[in-house]
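Record features (TrEMBL):
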BINDING   A:26, A:27, A:28, A:29, A:30, A:31  ATP binding site
DOMAIN    A:377-449  domain 'Lysidine-tRNA(Ile) synthetase C-terminal'
């Protein structure tokens with residue numbers, strides 16, 4: 001058993017010599033086995049150990065269990081830390097199930113201690129039976145490759161060295177070494193989905209379909225972990241090629257490059273964009289499929305409104321993901337020179353080209369010294385706090401105040417595109433150019449932005 | 001419903017206009033729906049249709065069912081073909097279950113008809129409930145990503161257009177269009193694993209865990225199909241880079257290049273080598289892991305003996321997969337110049353280099369004109385039928401006869417390496433060089449192969 005865990009630690013590269021590891025020990029069979037096995041590995045792996053125990057205060061035996069673990073650590077000469085929590089109150093307060101509140105509180109405590117004790121890792125006692133349950137749980141809820149990975153042997157500073165062992169092996173180890181442990185009856189409470197999987201579904205599957213189902217599910221988890229990792233690496237490699245523009249609330253991808261990727265990567269890339277704007281969870285395959293259909297559509301702009309206020313629009317060669325509210329009509333598009341930009345939010349289009357300065361017509365066009373501009377360039381609507389340095393003036397001015405000065409009607413102000421790069425405003429297109437971008441005697445390349453006749 | 005199938009055919013690119021499609025129709029609800037839906041799509045998709053029916057002869061209703069489908073086709077003006085089979089006898093004869101024998105016989109008939117009728121495709125009536133069952137079946141038996149794909153919408157010339165629909169949707173379609181169908185009671189026979197999954201496991205999972213489990217499993221199958229396809233494409237891309245040598249019974253991979261691949265691809269590449277030599281099925285993760293461990297071992301040769309007589313050995317920078325029986329001690333290794341080759345089968349090593357001709361010592365070395373040799377070069381043991389053209393002689397001679405002439409003991413003959421390229425034998429190393437490779441006055445680069453002192 002010891003050999004299996006040692007090999008697993010080595011194969012999964014979980015631990016290096018000289019590290020300090022905190023063990024989460026409830027006093028149950030799994031964590032008592034973890035404690036004993038890790039204690040035996042201490043010398044050969046040159047580890048520093050300490051034990052963490054969160055007293056959930058849910059069951060009458062809680063105090064006795066804490067004392068049991070403390071006593072055990074004292075005998076073995078291992079540092080022991082514990083905290084008392086009122087999980088029932090927390091669950092009510094944070095609107096979680098007891099199970100969720102307990103887990104969240106436990107990990108919060110573990111990671112606080114990780115920092116306070118300046119330790120390197122936390123190890124928990126998850127094993128192969130837990131792994132099989134987790135894989136099934138994800139399968140039943142609906143999952144892709146990611147969910148099938150189940151419990152990770154290593155997730156940041158969190159380690160699960162006992163994933164090398166089955167529950168039966170752990171019990172055998174405890175018996176053989178006469179290690180005492182506490183039994184938590186709430187693990188058999190069938191109102192928890194996970195317990196139902198453990199106590200009902202798995203035994204049924206073992207009996208009626210495959211006695212080695214645990215092994216199969218663990219193997220699947222391993223394959224899924226490997227292959228998902230590979231796909232994520234490929235995803236990030238492609239992401240860097242596809243991403244044209246990113247700023248808070250906006251992601252712009254290269255439509256053609258996305259279209260050239262393999263369908264499997266296309267879907268992952270789209271999910272990545274959605275996740276960066278609105279988190280990983282809650283997206284369905286059908287959301288991704290709707291977005292994919294945008295790829296085939298050419299010509300003028302198309303939109304999709306998704307949940308959580310997220311919009312995706314196809315704008316010529318680009319796919320724009322944004323979670324900025326539509327009611328404000330704000331927009332933000334990278335430009336290409338020469339090019340043509342259609343702004344769906346205002347219904348107006350702009351021609352962008354290098355050429356001879358054109359006669360100034362208010363509201364219609366702007367000419368700038370192209371060589372004075374920093375890339376990348378963006379046409380966007382004004383934002384609170386925008387300032388610029390109007391040509392022919394000293395100092396800077398709020399864009400808002402400029403609009404007030406020229407008496408532009410309020411409802412038109414959000415429709416006027418600003419030419420910007422980062423925080424710098426180069427032009428209020430059709431109205432005023434910044435001193436920083438002014439055409440002068442030495443200008444070589446003149447950038448002209450003009451509104452298309454509609 | 002019709003729209004769903006039409007969109008699915010379009011999305012999965014199942015059919016092009018003008019094709020001739022054979023429908024497998026048993027007369028049950030699924031295949032009757034297939035018949036009606038495909039018939040409705042005939043005109044708009046410009047399809048040619050015909051119906052195939054295999055009469056299993058297992059149940060008393062078999063003849064009536066055949067007549068039912070025939071009659072239906074006559075009314076609709078669709079060509080009908082049928083064949084009578086004795087599945088029970090076939091199952092006995094081919095040592096299969098009734099289920100397997102029926103399926104195999106059915107597909108055999110379908111593909112024979114495909115050729116005979118010069119049709120383009122066969123379509124069967126598999127739907128989303130079948131898909132969910134298949135995914136679960138593979139999961140329960142133990143599966144990687146490949147098994148989770150379940151039923152493929154298209155597999156060569158075999159199409160499954162109804163994978164767009166659930167069983168409930170099919171039944172609804174039949175009712176709505178008042179389409180009659182036959183019911184096969186053997187689909188409820190719980191001695192078939194698949195029927196147990198359909199009638200017991202899925203209803204239990206729907207009730208106790210997730211009412212939308214069918215949908216989840218179908219979604220998983222779609223993701224698995226996509227991502228597996230991507231991984232296979234990447235695999236083949238890497239395979240071409242890794243493969244140093246392949247001939248019947250032997251595959252040689254570049255160890256260093258394999259070691260540089262992502263672990264997920266390493267495993268798939270090893271499985272690919274195993275599959276090419278001994279078929280896809282039967283390999284376990286632990287076989288792959290044993291082979292992977294060879295990658296970390298440097299220096300002299302290491303072996304692994306796998307099932308089915310397959311051996312993998314690590315020979316310097318190469319990984320050799322072979323299913324040639326070990327008892328003959330036959331071997332076959334590509335050489336590099338300069339290089340050193342250790343032949344585990346004989347325990348001897350050879351130095352291969354370009355240099356000055358060395359004094360001929362029987363059994364120890366051979367000198368050849370390197371520029372006369374075709375690449376790639378291989379050192380291998382003799383094979384039945386080997387011939388060569390000994391230097392200083394006209395015509396060719398059997399290698400076997402040469403050994404007899406020089407009175408080399410029988411047990412030594414399989415240990416003498418031949419330098420070969422394809423079918424050409426250039427040298428019996430240490431004994432005789434071929435006329436084709438003889439060193440002469442014009443030779444520039446001399447290849448020397450000599451046995452290392454041991």
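Placed from the backbone N, Cα and C atoms, the Cβ positions cover glycine too.
Proximity to chain B (Cβ-Cβ under 8 A) holds for none of the binding-site residues A:26, A:27, A:28, A:29, A:30, A:31. Per-residue confidence over the domain 'Lysidine-tRNA(Ile) synthetase C-terminal' (A:377-449) averages 89 (mean pLDDT, predicted model). Helix, strand and coil content of the domain 'Lysidine-tRNA(Ile) synthetase C-terminal' (A:377-449), in residues and according to DSSP, is 14 helix, 24 strand, 35 coil. Highlighted in sequence order, A:25, A:32, A:33, A:34, A:125, A:181, A:182, A:184 have their Cβ within 8 Å of the centre of the Cβ atoms of A:26, A:27, A:28, A:29, A:30, A:31, the residues recorded for ATP, and are not part of that set. Classification of residue A:27 (ATP binding site) by DSSP places it in coil, neither helical nor stranded. Listed in sequence order, A:53, A:54, A:65, A:69, A:182, A:184 are the same-chain residues at least 6 apart in sequence whose CB falls under 8 Å from the CB of residue A:26 (ATP binding site). Cβ-based neighbour count (10 Å, all protein chains) for residue A:30 (ATP binding site) stands at 22.
Ranking the binding-site residues A:27, A:28, A:29, A:31 by other CB atoms within 10 A of the CB puts A:28 at the bottom.
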